[in-house]
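Annotation source TrEMBL lists domain 'Cation channel sperm-associated auxiliary subunit beta 2nd' at 2-35. Per TrEMBL, the feature domain 'CATSPERB head' maps to 61-107, 140-210. The domain 'CATSPERB Ig-like' annotation in TrEMBL covers 217-321. The annotation domain 'Cation channel sperm-associated protein subunit beta C-terminal' is assigned in TrEMBL to 323-580. Per TrEMBL, transmembrane segment is recorded for 553-572.
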Amino acid sequence: VGRYSAAGSVNDRIFTLYYDQLGFLHKLTPGHFEASGPPAAFGRFRSLFGQPPDMGFETALAPQHTTLDEMIFFAYVPENEPQETIYSKKFTNIHYGKVIHSGHSALTLVSVTHPAPFGLEDFEMFDLIPNLFCFISVAQALFENTDIEKTVVIPGYSSFLITSILDNKNAVALATMPKRAPNNMTFLKSTWFLYNFGQRNGRTWKIYAKPCNYWFQYDDSPSLNIVKYVDLGNSQVLKAKVIQKSKDFQKLEIPLLTVFVGNPNLLEVTAEVTFDDTDSYIINISAASKALRQGSTSLAFIMWSASTECFVTTMIPTLKSSCGYLRSMHHIPSTFIPAEDWISGVHKDSRGFNLIKTLPINYRPPSNMGIAVPLTDNFYHADPSKPIPRNLFYKSKKTGKFKQCANVSTRKECNCTEDQKFSHAVAFSDCKEKVPRFKFPVTQYPVSMEIVNEDGRVPLEPPYLVTVSEVNNRQNWKLKHTVPEKIRKLKTLLEPMLHDAVYNPSGLNLSIKGSELFHFRVTVIKGVTFCDLVEEFQVYVDEAPLPFPGHTLIAVAAAVVLGGLIFAAFMFQLKGIHLWKSFQRQIRRGQEKFSNISLH
């Protein structure tokens with residue numbers, strides 16, 4: 001808490017000032033963050049924090065032309081410089097990508113056309129140690145002591161850093177590139193230049209961070225450090241783009257951006273770079289799994305030409321060779337039913353048949369012993385406060401266990417969410433209230449699955465293979481599917497190992513001859529995915545005929561009754577008993593009695 005008065009004042013009651021690794025000053029308050037920058041981007045912070053720190057050092061620089069529009073700079077290390085201070089006369093990594101200012105002219109790392117006074121490209125830095133002294137002389141002009149540490153630049157030849165003045169016509173100089181130094185040559189006035197990057201009479205140059213001219217971004221994500229999952233046999237594509245803010249800079253050139261792979265043995269990574277119509281630099285990274293190995297690796301997208309003033313100069317996406325947490329498998333119903341109809345429990349087809357079945361309270365599906373003898377542990381539409389139907393037999397009483405409704409006394413205390421009520425998972429069967437309803441018999445019901453992940457939806461088809469089971473151990477159902485030759489071989493190998501039937505998920509059809517609720521589980525066989533892909537779905541079969549032995553019992557009973565009647569008629573005939581005549585006599589006697597009655 002206080003005031004900062006080195007070059008201005010801070011009016012915030014609470015603030016923090018700190019320097020970053022480049023020496024720039026930053027201010028942090030509870031609600032805002034401000035940062036200083038180079039002169040081009042300093043803006044209103046200049047009056048508050050003053051000029052940004054100079055990253056120059058106390059020695060002379062010697063510019064050297066390599067082409068008409070390229071320069072490199074040498075930092076002068078005197079021959080008698082003490083060992084402990086040599087480091088202070090050299091360029092360091094902190095200077096890479098910075099800007100040299102000399103007077104009113106700017107020397108940048110970005111290519112410019114040579115009409116600018118000090119245009120250069122690919123700014124390289126070397127330490128100039130005396131190894132070849134040259135004598136230079138001028139015909140008309142006069143050398144002065146102030147010319148020491150100035151540089152004579154001759155395009156096409158070596159430059160010369162003046163180290164001492166012999167007289168007003170002759171000087172001793174160091175050649176920046178001795179092999180390109182001319183010998184006994186005369187250069188006219190307009191063919192050489194004298195630059196002052198010395199510090200003998202006060203340093204005339206400074207080093208600042210150059211302004212940022214790029215935006216660095218992913219095409220499909222605002223995040224800088226995204227995570228992508230690469231499943232077994234699949235691939236992922238990352239697209240990064242470098243966009244120029246200003247066209248004052250030369251067009252970006254390869255290699256501008258470098259990609260480093262942390263673990264190259266985990267994934268097969270390939271890169272492709274292009275420029276689009278706006279001169280934006282685009283890089284496509286494709287990563288594919290190539291082995292049954294799980295793990296993670298990082299990629300580093302490094303934009304070498306970017307200024308440290310850029311908010312982003314490196315992006316580090318992470319690729320994981322594993323199952324994505326958003327990857328799942330879903331059953332595609334044969335008929336779409338809107339959510340509002342599921343809530344109401346009514347969705348009728350064209351014939352008026354309701355396609356939604358609301359299950360009875362504490363419902364359990366039948367077993368192979370009959371509808372009245374459920375043997376499964378799974379309750380549906382559970383309510384501990386209500387009686388349990390079909391619980392008369394000993395085996396039925398031994399089975400049936402509440403899950404979410406265990407150890408509570410009412411359904412409200414089960415705390416079933418709406419998602420759990422509509423979930424097909426057997427883990428939430430206590431909460432399940434409504435299921436899809438079909439008329440008996442169910443034939444050729446398409447069992448269609450799809451894989452859902454962050455990239456969209458894809459149908460489940462080979463090379464995926466599945467097993468199918470009924471979670472309540474019900475029978476009277478059958479699956480049909482096409483078996484191509486390649487799948488047939490795998491099926492033959494896998495079924496003895498899994499002790500279960502293996503199916504092709506493409507073109508899988510279900511037929512059911514039983515009644516009431518069937519609860520199926522589809523499981524993808526491991527080997528083509530790192531994921532444990534499991535999905536469940538229900539089918540309720542209604543309006544089924546009486547189950548066996550109902551028809552037979554009725555037929556037997558009818559036959560017994562009819563046979564008994566025939567046998568009785570035969571016995572009456574054999575004994576001479578005529579039921580019809582006896583019946584007629586009884587009627588006549590009754591009439592005679594009725595006619596003899598007198599009324600008084």
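Glycine residues also receive a Cβ, built from the backbone N, Cα and C atoms like all the rest.
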Range from 140-210, 217-321, 323-580 with the greatest count of C-beta pairs under 8 A to the domain 'CATSPERB head' (61-107): 140-210
Give the residue counts of the domain 'CATSPERB Ig-like' (217-321) per reduced DSSP state, in the order helix, strand, coil. 0 helix, 53 strand, 52 coil
Taking DSSP H, G, I as helix and E, B as strand, the domain 'CATSPERB head' (61-107) contains 10 helix, 22 strand, 15 coil
Over the domain 'CATSPERB head' (140-210), what is the model's mean pLDDT? 85
